Amino acid sequence: MSSAETPTPRGPVDSSRIPRYAGPATYARLPRLDEVGGRTDIAVVGVPFDTGVSYRPGARFGGNAIREASRLLRPYNPAQDASPFALAQVADAGDIAANPFNINEAVETIEAAADDLLGTGARMMTLGGDHTIALPLLRSVAKKHGPVALLHFDAHLDTWDTYFGAEYTHGTPFRRAVEEGILDTEALSHVGTRGPLYGKQDLTDDEKLGFGIVTSADVYRRGADEVADQLRQRIGDRPLYISIDIDCLDPAHAPGTGTPEAGGMTSRELLEILRGLSSCNLVSADVVEVAPAYDHAEITAVAASHTAYELTTIMSRQIAASREETTA
Ligand SMILES: N=C(N)NCCCC(=O)O
Ligand SMILES: [Zn+2]
Ligand SMILES: [Zn+2]
């Protein structure tokens, strides 16, 4: 497509004219999908679903809490020297309506809705919801790209087998994904892992599935830059999916979550690692497990809104770069 045919993206509401606290919240005050003709380069979509949790519920309210907390985001991202909402069209695609009383049906609904969005050519920036939703999202992404590299930021492994006999839960999505062959097992990493496990076997099982682990202590000792370099080398130019459980952060940085664990990363470390991955081929991403009932002063929702902002910036820079390549 020539640049003449590329419409100028419609950006966020101008906060110097309409106070940022006015009006209904979309992510970053961006237009809704219907306001940009149903087509967008990046679709920010909520998944208000938390039937898969093993402890505190409430992540069903996470997406809207992140939208509310994102009102203060500004259009230029100095850390990546980019204006993400000008480089590509980013729009808020609303919520996927998943059945709260039937996990299997919800998983199917989420996959079908993701198929529709990805089918339009959009990349997805999903706001959860509990971590169960990563499985149907990965299924859909793999239909489009083949098995993808996965970076999984989380206190937890989420590669357990079942809970109370249920195979789709927030503790099991990545075991299911490996079993289903939708992940590229040469490039799977957990980042921010910590906390008690059921037994040592959890680690053996996880390693057998193909995962490497960067613990939160590793991040502290080695620093964000070195960790990002190492991850980038492992990922190479593979299509990459990033799944961020906000409980990768220390409860001091993200109290509003369902299964908090002490000793986590700071939000500065998380944002810096993501910035260090800006050259990766990020095809879609999620930020999950924000449970606003346990939040204070929007600490968690603000961290999540900035996390999604860095991810969106990575994607929009790549979209702009590949557009330039095809017009050159
Ligand atoms: N994905 C999250 N947040 N937590 C998984 C914890 C599973 C457990 O209760 O053992
Ligand atoms: Zn977790
Ligand atoms: Zn998780």
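Just so it is clear, glycine is given a Cβ too, placed from its N, Cα and C backbone atoms.
All annotation found in TrEMBL is predicted automatically rather than curated by experts.
If you look up TrEMBL, you'll see His131, Asp154, His156, Asp158, Asp245, Asp247 marked as Mn(2+) binding site. Marked as region 'Disordered' by TrEMBL: 1-20.
Where TrEMBL records a feature, it is marked here on the structure.
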residue: His131; record: Mn(2+) binding site; Cβ within 10 Å: 30
residue: Asp154; record: Mn(2+) binding site; Cβ within 10 Å: 26
residue: His156; record: Mn(2+) binding site; Cβ within 10 Å: 25
residue: Asp158; record: Mn(2+) binding site; Cβ within 10 Å: 26
residue: Asp245; record: Mn(2+) binding site; Cβ within 10 Å: 29
residue: Asp247; record: Mn(2+) binding site; Cβ within 10 Å: 29
Subject >> Other same-chain residues whose Cβ falls within 8 Å of the Cβ centroid of His131, Asp154, His156, Asp158, Asp245, Asp247, the recorded Mn(2+) site, in sequence order >> reply: His152, Ala155, Leu157, His170, Gly171, Cys248, Thr259, Val288, Glu289
Subject >> Assigned conformation of Asp245 (Mn(2+) binding site) - DSSP reduced to three states >> reply: strand
